[in-house]
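Written below as structure tokens is the structure these notes are about.
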Amino acid sequence: MAPKTRRAATVAAEPAPPKRSRKSGKAVASDGGASAATALAAAKADKIASREQQQQQQPGQPSYYLMKSEPDVFGIDDLQQRPGQTEPWDGVRSHQAKKVMQGMRVGDKAFFYHSNAKPPGIVGVIEVVREAYPDHTQFEKGGKYYDASSKPDSPKWFMVDVKFERQLARQIPLEELKRHGAEGGPLAAMALIKYGRLSVQPVTAAEWEFVLGLEAKAPDDA
């Protein structure tokens, strides 16, 4: 069987975009309260992502992120089998996640996170090897990620190329991360804990080092 590619990957972790009215182009809400809550959550996630991204960027130092993919569609083993162990991170259809990706620079690091898994969690480390450029899947008519409103001269969606660096000695499950994300804990402000649905998230240097420190500990001791 040929190795899987990100092209087939789903983005179930991201909120679906609002429906549009054919007349006005404005968002149409089936439930005003739910729509307002979703918009507020998205706005908060955007602010958190922007603030944390600004805080972590230091001259000469990499920035850190967390990127989600479903292992039964495209997992870290699939990335390891790709030519050059490199793959475009395509299919992202969240404006918040897109903005985070557009801030990535070559040499930045990210945790590879298996979502919709049993259990979900961080399984490895990857490196950004190409900065944001237009996601080709938005122009593929009939494809899952086709966006008729996006044009080649004004693309809406972007992707980065990532390269496999290593698998962790053990998976760090979400449940374990949440224990350290309790109020006052070292991961209390982590985007994964506060805004879990975002598929591409910033990670602070302190959070990065803390999570890597969990790798060598037994789950019961972490």
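Easy rule for this one: first residue shown is 1, then count along the chain.
Every residue gets a Cβ built from N, Cα and C, even glycine.
As recorded in TrEMBL, the features of this protein are as follows:
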REGION    1-67  region 'Disordered'
COMPBIAS  26-43  compositional bias 'Low complexity'
COMPBIAS  53-62  compositional bias 'Low complexity'
DOMAIN    64-212  domain 'EVE'
Arithmetic mean of per-residue pLDDT over the domain 'EVE' (64-212)
96
Write out how many residues of the domain 'EVE' (64-212) are helix, how many strand and how many coil, based on DSSP.
43 helix, 51 strand, 55 coil
